[in-house]
């Protein structure tokens, strides 16, 4: 198709997929679609799932933060886990000590032994997300080793490229390292993210190979939205969009009834996220630097984690 030169404007708006009035409706419609059309599949945990392959949603980060409201999302867990990733830690006990126990089951003695990691300390998850983000390609020894200067610091390279060459199409961070997969307590579900700069805004697209719609996906949406806010802050940009692309999007069979309750609820306005001080580097962020305002979710819905 030919386009008249007068229509080509450097300041043209970024094309956006059609999104419903409230961003959360995208998530709820995905859940409804999987319940209606999903294929019943067996899975690693033995729980069983309803599964659909290939879904996408776009959440605006402009003056709102996509922390789902049709149930309470564990904001403290989102924040502490992301700071733990950024630190490069692979020690589940560091999170546990802060009241965030989402990695406890995968770092337990029984689980590690079941994978053949009997020589590994309890809590040592292997070269998972934080290690790949900050030390990709380094040889993993254990969770207590000092990896300073080893491997590729993908996160810092992302930040540096956004500052120096924002139009680059290779602003990518990848946690999927085939060499290290056999050493991980859990291979990465959220595998690769790409950043995009236009009109002074930073957007992020996540490719998530495996999405647990009941428990994991609401958490992952908030986590990568938060990462986008953080990187935008230190690169002098405004948050744009978070685009969430799912591979195997699934509902565990024991989550169907809880999710039916969630689908009956009307979304409430998304909260706002404030960063309370000027932070210069990604490693300097602290828990107290963030404030969620106006979060008024529906009550918690209990769902069991499949391990």
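Backbone N, Cα and C define each Cβ position, glycine as well.
What you see is a predicted model, and the numbers here were worked out from it, not measured in a lab.
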Among 199, 220, which residue does Swiss-Prot name as a further dUMP binder in the site formed by 44, 169, 170, 189, 190, 209, 210, 211, 212, 250, 251, 252?
-> 220
Spacing of the two Cα atoms, residue 189 (active site, nucleophile) and residue 108 (phosphoserine), in whole angstrom, works out to 19
Which residues in the same chain, at least 6 apart in sequence, have a Cβ under 8 Å from the Cβ of residue 108 (phosphoserine)?
-> 122
